[in-house]
Amino acid sequence: MINARLKLAWSGFSLDVDLQLPGRSVTALFGQSGSGKTTCLRCIAGLERAPQAFIRINDEVWQDSEKGIFVPPHKRALGYVFQEASLFAHLSVLANLQFGLKRIAKAQRRVDMTQATELLGIGHLLDRHPQHLSGGERQRVGIARALLTSPRLLLMDEPLAALDSQRKSEILPYLQRLHDELEIPVLYVSHAQDEVARLADHLVLLSDGKALACGPIGETLARLDLPLAMDNDAGVIIEGQVSGYDADYQLLTLQLPDSSLNIRVTHAPMTTGQRLRCKVHARDISLTLQNSEFSSILNRLPVTVVSEQPADNAAHVLIRLDAGGTPLLARITRYSRDQLGVHPGQSLWAQIKAVAVLA
């Protein structure tokens with residue numbers, strides 16, 4: 001468990017958060033520029049000393065302002081990845097990695113050289129120097145070097161912000177591998193919804209130095225009282241379990257979490273039991289009173305209306321739905337709501353027109 005109570009005030013900005021975060025997953029600190037994301041990270045790292053703070057990683061206290069405890073940054077078992085990798089230009093990639101590795105006694109190493117280079121796909125780069133690497137390659141080396149310090153916590157401050165869309169798409173699969181294969185907790189700062197949707201298990205939504213929400217990403221994205229629900233990309237994350245594959249039509253069947261309901265997505269074959277993360281946008285769900293088998297829409301689920309919220313314009317409303325325990329959002333017109341008589345507790349059918357596979 002990660003506990004971070006942080007309070008500080010500067011001219012024109014104040015931070016006041018109390019975060020209780022899981023100790024094994026990827027937590028995204030999400031919000032607009034100036035919301036306090038990087039300040040939180042710097043305080044946790046000890047690079048910024050908050051006057052009032054309590055920071056504990058599992059059983060290790062890094063700061064307790066009431067008791068006068070402050071562990072300096074270099075003694076905190078953490079890795080920090082910045083927007084641009086700060087590599088030593090005069091050293092090869094291998095020497096840069098060894099610099100991180102040699103700081104840790106052999107008995108305390110949780111990640112070795114082979115594991116780090118394979119996870120980040122940089123084995124073929126070891127003899128090169130940083131000036132001969134692309135931006136994405138430099139960032140992967142920087143992440144590998146941070147991992148080789150065997151951190152108890154990995155802090156990533158917008159690691160893809162300096163990369164173009166092509167380089168981002170190249171590096172995201174490697175970040176997903178870190179998520180899937182390592183047990184190191186990660187705090188990931190970003191203002192890009194696509195990155196957060198693909199990587200995060202837990203979401204902290206920050207605004208003006210305060211945490212508007214903190215919880216599992218699926219539940220948090222489905223909250224109608226948060227500004228994320230008003231975004232054009234509003235929707236929910238579903239992590240389904242593969243339960244079947246139709247080779248003729250190249251369709252995977254995914255079982256929804258804790259439910260007997262399924263959705264189908266176009267995808268390459270996967271092994272039964274594997275998990276696949278998807279996003280269903282609110283704009284891609286329509287509602288109907290009855291199920292229609294004579295439809296080109298593959299995914300039709302029985303749902304219950306939970307609540308309603310006005311959208312960002314007078315013509316639409318947002319409807320929160322429950323599909324066997326999985327939350328969904330639907331963005332429909334006020335006219336359609338009135339025609340269907342939509343109200344909390346009502347049973348309807350959700351027609352999902354598109355499912356975005358996050359891979």
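Glycine is treated like the rest: Cβ placed from N, Cα and C.
Worth saying up front: this structure is predicted, and the values here are computed from it rather than measured.
Record features, source Swiss-Prot:
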type	residues	note
BINDING	GLY31, GLN32, SER33, GLY34, SER35, GLY36, LYS37, THR38	ATP binding site
DOMAIN	1-233	domain 'ABC transporter'
DOMAIN	294-359	domain 'Mop'
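Shown here: features listed in Swiss-Prot, placed on the structure.
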| residue | record | Cβ contacts under 8 Å, 6 or more apart |
| --- | --- | --- |
| GLY31 | ATP binding site | LYS37, HIS191, LEU205, LEU206, SER207 |
| GLN32 | ATP binding site | HIS191, SER207 |
| SER33 | ATP binding site | HIS191 |
| GLY34 | ATP binding site | PHE13, ASP208 |
| SER35 | ATP binding site | LEU206, SER207, ASP208, GLY209 |
| GLY36 | ATP binding site | PHE13, LEU15, VAL17, LEU206, ASP208, GLY209, LYS210 |
| THR38 | ATP binding site | ASP157, GLU158, VAL189 |
Compute the centroid of the Cβ atoms of GLY31, GLN32, SER33, GLY34, SER35, GLY36, LYS37, THR38, then list the same-chain residues not in that set whose Cβ lies within 8 Å of it, in sequence order, for the ATP site. THR39, HIS191, LEU206, SER207
Of the residues in the domain 'Mop' (294-359), how many are helix, strand and coil by DSSP? 7 helix, 36 strand, 23 coil
Relative to the Cβ position of LYS37 (ATP binding site), how many further Cβ atoms are located within 10 Å? 23
Tell me whether GLY31 (ATP binding site) sits in a helix, a strand or coil according to DSSP. coil
Which three-state DSSP class does THR38 (ATP binding site) fall into? helix
